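Beneath this line is the structure, given in structure tokens, with notes to follow.
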Amino acid sequence: MVSQPPQDDYDEKSARQKEIDAWLPITSSRNAKWWYSAFHNVTAMVGAGVLGLPYAMSQLGWGPGITVMVLSWIITLYTLWQMVEMHEMVPGKRFDRYHELGQHAFGEKLGLYIVVPQQLIVEIGVCIVYMVTGGKSLKKFHDLVCDDCKPIKLTYFIMIFASVHFVLSHLPNFNSISGVSLAAAVMSLSYSTIAWAASASKGVQEDVEYGYKAKSTAGTVFNFFSGLGDVAFAYAGHNVVLEIQATIPSTPEKPSKGPMWKGVIVAYIVVALCYFPVAFVGYYIFGNGVEDNILMSLKKPAWLIATANMFVVIHVIGSYQIYAMPVFDMMETLLVKKLNFRPTTILRFCVRSFYVAATMFLGMTFPFFGGLLAFFGGFAFAPTTYFLPCIIWLAIYKPRKYSLSWWANWVCIVFGIFLMVLSPIGGLRTIVIQAKEYKFYS
């Protein structure tokens, strides 16, 4: 006869598990409202990537550019719906983290190996890119407001931007950053509106050209790939969607997917209002001469561009926190559950301070913004956003072959793999070209 473990032992384990879950950032607070989901999703989705969309359009051209932008919006809304649906597909259980869903679909070990590396590349990648963006926007603000001041290195501005995160990263969970996230969501709509409205009021430039900028065929092709990566980067909110849904209360009568989906719809309307006007108006006005950040192309009026840059800084502060929270959760889970550290404030302080310092250092070391966007965009954003949810859906629900659901998922998978393979090639080439003229910590 097999001996049963004593009940007391089981109860003690269960109590410890509950205590740890009550301490971890993703599962500690489940009282969010549907509108939390709306502004968390806007903050996660409408990143600084929106300012690179006119530049992406200049590399893709009108036809392919509009097609890729609209297709991406539809596909990512569909895959986001899948993730919201799958959050509670097992009665009585919630998949609070992306990798838990992966483990359910592919098995304990394989699920971790498939999802965690990609999710970490996306989240840490975004945090590094946002360190650079925050620093660049602060520098631009400083240079516009004080044009006769002594120039200050970008490195110092990245440090100034990071100093905010050494404070904010100690907020315990998603719900505690909802104020920061709301401010960030409002700012994203504001600076996107400034970007396209200021471009429109400027009028089409005299010597505007819409042809491809590169002189050689190879250059055109590589730029096209890079443009695809920029678009993929702009739709990166899926990496935190299950974690956001985990903060919404749920009962069998009122599952969390109702309020979550309501928030997602509002968020996606805001995304459309930000992305399409910025991309299309920006490209229409400046043509292929547009900078990789549209605000850099808009020189005047100085006060308006300075304001927009400050809005970007505030938005990126919120966005950094949204993407850092799941990483904090993974690091703290590993230390407390696997390595048996005690869940204390000191542990949390050390872990999070180390993470902010590491992303700051990497941001200061590699600030080639445009190339980084395309490289990370294709490498990890395309799988987690465009096709991993579809693969999980096919693995779990097994829709009938050649049914509508089957076709929809396979179309998304093919499009996503196309993005994943092509865009890092363009991004890497951009980094190599920019690195030639680059001085470390300049």
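Glycine is no exception: its Cβ is also placed from the backbone N, Cα and C atoms.
All annotation found in TrEMBL is predicted automatically rather than curated by experts.
Taken from TrEMBL, the feature domain 'Amino acid transporter transmembrane' applies to 31-426. What TrEMBL records for 34-53, 60-81, 110-133, 154-171, 177-198, 264-286, 306-328, 349-369, 375-396, 408-432 is transmembrane segment.
By the Cβ criterion (under 8 Å, sequence separation of 6 or more), the transmembrane segment (177-198) is not in contact with the transmembrane segment (375-396), since fewer than 3 such pairs are found.
Touching of the transmembrane segment (110-133) and the transmembrane segment (375-396) is concluded from the presence of at least three CB pairs under 8 A, sequence neighbours closer than 6 excluded. Sequence-distant neighbours of the transmembrane segment (60-81) (same chain, 6+ residues past either end, Cβ-Cβ under 8 Å): 53, 210, 212, 224, 227-228, 231-232, 234-235, 237-238, 241, 261, 264, 268, 271-272, 275-276, 279-280, 283, 385-387, 389-390, 408, 412, 415-416. Ranked by number of Cβ pairs under 8 Å to the transmembrane segment (375-396), the listed stretches 34-53, 264-286, 306-328, 349-369, 408-432 are led by 408-432.
Counting Cβ pairs under 8 Å that are 6 or more residues apart, the transmembrane segment (154-171) and the transmembrane segment (306-328) reach 3 or more and are in contact.
Only residues 6 or more beyond the boundaries of the transmembrane segment (349-369), in the same chain, are considered here, and those with a CB under 8 A from a CB of the stretch are 124, 127-129, 131-133, 135-136, 154-155, 158-159, 162, 165-166, 169-170, 292-293, 324, 327-328, 331-332, 335, 430-431, 434-435, 438, 440-441.
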